């Protein structure tokens with residue numbers, strides 16, 4: 001029981017401190033929305049975009065073996081005799 005109360009107390013103190021102290025002190029975030037939901041949505045959009053742009057360097061013989069976000073299957077210097085999926 002005592003450990004549960006301690007955890008609750010520490011959590012509540014940390015939540016209060018997180019609201020008191022500013023997150024950005026450089027002034028860059030002055031024009032950003034402070035709504036946490038919109039920040040989460042923005043973060044998820046950035047992750048989705050970066051995932052779309054990622055092309056894994058899988059071993060391949062033809063372009064058809066590569067994922068849709070890769071443009072070609074070609075020899076890449078330093079990867080040995082195998083072809084790799086690449087994004088140009």
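Even glycines carry a Cβ here, placed using N, Cα and C.
Some features that Swiss-Prot has for this protein:
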- 55-70: disulfide bond (DISULFID)
- 60-73: disulfide bond (DISULFID)
- 66-85: disulfide bond (DISULFID)
- 1-18: signal peptide (SIGNAL)
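According to DSSP, residue 66 (disulfide bond) is assigned to coil rather than to any helix or strand. The Cβ of residue 66 (disulfide bond) has 22 neighbouring Cβ atoms from other residues within 10 Å, across all protein chains displayed.
Secondary structure at residue 55 (disulfide bond), taken from DSSP and collapsed to helix, strand or coil, is coil. Residue density at residue 73 (disulfide bond): 20 other Cβ atoms are found within 10 A of its Cβ, drawing on all protein chains shown.
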